[in-house]
Amino acid sequence: MTNTGETKVIESHGTIKKIDSLSTMPYCGVETDENAVVEEKITLESGKSWSPKHYELLHERIERLIDEKQQFFSLEFFPPRFVNGVPNFLERVERLSEGGSVFVDMTWHMGSDPANVDKVTSSSSIAASMLDYCGVDTMLHMTCVQYNKADTLKHLEQAKAMGLRSILALRGDLPPGTELEDTHQFRALDMIRWIREEYGNYFSIGCAGYPLGHPQAPSYKADLMYLKAKCDAGANFVITQLFFEAETFEKFVRDCREIGITQPIIPGIMPIMGYESIKRIAKLSQLEIPQHILDDLEPIKHDDDAVQKYGTERCIEMCRRLLDNGTAPSIHLYTMNREGSIREILKSLGLWKLEGDRVFPWKNRSQHPIRCLESVRPIYWSFRPRSYITRTRDWDQFPNGRWGNSSSPAFGDVSSYYLSNLTTVRNADDRLAMFGANIESFEDVKRVFINYITQAPNADGVKVTVLPWTEAETGVQPETSLISEQLVWCNENGILTVNSQPSVNGAPSTDPLVGWGKPGGYCYQKAYLECFMTAELSDKLIQIIEREFPVRVNYHAINKDSTFDKTNSEETTPIAVTWGVFPGSEIAQPTVVDPLSFRAWRDEAYQMWMAQWGDFYPKESKSYGVIKAVHDEFRLVTLVDNDFQKPSVLFDVLQKALDELKK
């Protein structure tokens with residue numbers, strides 16, 4: 001190898017592995033394919049509302065749901081303290097939001113340097129990441145007591161630039177040891193007025209309500225009148241401070257309605273998750289915990305599990321009462337960045353509604369103000385959606401309906417932060433457990449790919465649930481089962497597969513393996529394969545395609561620095577590889593192959609070899625040398641079989657290339 005002086009990686013083609021059949025028939029749906037394997041977790045449900053729509057402002061969505069008498073929930077989070085905690089945090093937000101959260105919000109945490117958009121863990125940066133990567137409408141808390149008007153307007157402009165269109169306007173807590181007269185003395189009412197004066201109706205504005213009155217207000221009645229002033233100034237809805245008794249919220253709502261507050265009032269609920277934590281939070285909020293709750297907690301205060309069980313059950317009981325009697329249109333849960341008990345509460349209340357539909361083969365960001373109309377993506381980022389979002393973050397519009405004849409798609413660079421910190425796998429140790437602490441030869445590399453496809457444990461008993469080119473630790477996609485035998489064959493023969501899809505000819509849109517879109521439709525796919533292979537094999541492959549399949553098979557082969565770059569596709573014409581036909585709709589083509597986008601993907605695909613694998617080993621080690629040799633010597637190749645109605649020839653073409661190379 002290049003780094004160790006050993007034989008080159010390409011000698012792996014010495015012995016060609018065989019299987020009974022490389023041909024794969026077009027898939028027509030699980031009901032007609034007796035060989036299709038469907039996991040129990042896959043459902044046959046499809047989307048009721050599947051097409052992209054114009055963005056609906058948060059307060060408009062809340063009002064619509066209330067008018068339709070649909071109960072809903074929302075979730076509050078605070079920013080993670082450390083950069084390496086961001087991936088786990090975003091995963092947690094995404095998992096919880098998949099239960100149907102109408103919105104999530106992010107606190108204005110002064111310790112995070114909240115307005116610093118250059119700091120990964122700031123409130124502003126995390127809110128933008130929640131919106132972009134989790135695809136759920138995100139409201140940013142914003143305080144003004146520490147700032148002047150110019151500062152606050154700057155913060156609002158930053159929020160607008162990041163795509164955020166919902167603000168929870170707050171005065172904010174005074175810094176410890178600070179009196180109100182020592183600050184700028186601006187309050188939430190001032191911010192609400194500034195927003196409406198400067199931005200009109202661009203933002204949805206939430207404001208805080210205090211069911212027992214703000215602790216610094218002259219009186220409960222005075223605080224109610226101040227809340228009415230905030231609503232009259234332009235606040236669209238109210239989210240309350242935490243409380244401990246259902247009666248407290250019920251009285252508060254009655255009192256608000258009596259003085260003419262008509263905006264939706266959403267109860268803010270904090271489940272008791274720990275004895276000391278709830279006492280600390282109550283003290284910070286200047287609230288008294290009812291004596292009967294303290295009495296209940298006293299005998300179990302040292303048993304964390306018992307306290308959490310009590311808190312969960314009490315929360316469910318209180319929320320159910322408020323929802324059943326119609327006082328609360330929804331529930332806003334203060335999650336404290338926890339997941340388990342929050343999910344249990346929502347399921348018990350019947351609010352958890354796991355979405356079973358796929359609007360597109362990739363996750364549609366229907367609640368994103370800008371991406372909500374996006375309907376087409378290049379296939380290369382199928383398993384790295386966060387990367388795609390990062391690299392297209394600065395786009396002010398997204399392809400809708402068709403990718404079009406592109407001349408220069410402006411993909412941003414993947415920053416070193418993204419490469420190292422926004423991945424899903426926790427750390428190098430986890431990855432090495434999957435890939436192997438020692439890579440002695442190319443055979444070890446092939447085995448990693450094979451174990452990923454088969455999901456068989458490796459020699460150390462660890463499953464390979466992720467590759468450098470995938471973000472989610474979920475293993476292969478369900479549709480991979482249709483071609484898994486052929487993919488294993490590829491990797492056994494040194495053709496390292498990183499992306500693929502089988503041909504599909506009119507599978508129902510409700511199909512559990514490949515279905516997407518509106519019910520009553522039909523889905524189609526061209527067979528696609530993306531892989532790394534030796535230069536010699538790619539040369540032979542190109543010869544065979546140009547000789548025997550010049551029209552049927554499109555290829556694109558490229559090396560790490562583009563000194564080799566060859567394709568038989570039109571340079572600026574994309575190829576639709578996934579499309580659907582649905583009742584009353586235009587044909588949708590959500591996934592394409594595009595030569596110019598592929599060149600942008602090439603940089604990232606090669607970087608992943610080292611950033612997410614090779615660099616975990618010492619540079620002088622054999623393991624590093626093996627990975628570096630593959631990175632340096634192998635070409636990245638894509639193949640498209642344009643005839644989706646006949647058995648795919650992609651694997652047969654690869655077999656021919658291997659056979660001719662062997663001669």
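Just so it is clear, glycine is given a Cβ too, placed from its N, Cα and C backbone atoms.
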If Swiss-Prot says Gln477, Pro478, Glu479, Thr480, Thr497, Val498, Asn499, Ser500, Gln501, Thr578 bind S-adenosyl-L-methionine, which of Thr454, Thr534, Thr563, Thr591 does it name for the same site?
Thr591
Within 10 angstroms of Thr107 (phosphothreonine), Cα basis - recorded positions out of Glu76, Asp173, Gln241, Arg338, Gln477:
Glu76
Among the binding-site residues listed here, Gln477, Asn499, Gln501, which has the most company in the form of other Cβ atoms within 10 Å of its Cβ?
Gln501
Given the recorded positions Glu76, Asp173, Arg338, Thr465, find the one whose Cα is closest in space to the Cα of Asn499 (S-adenosyl-L-methionine binding site).
Thr465
How big is the Cα-to-Cα gap, in Å, between Thr465 (phosphothreonine) and Asp173 (substrate binding site)?
44
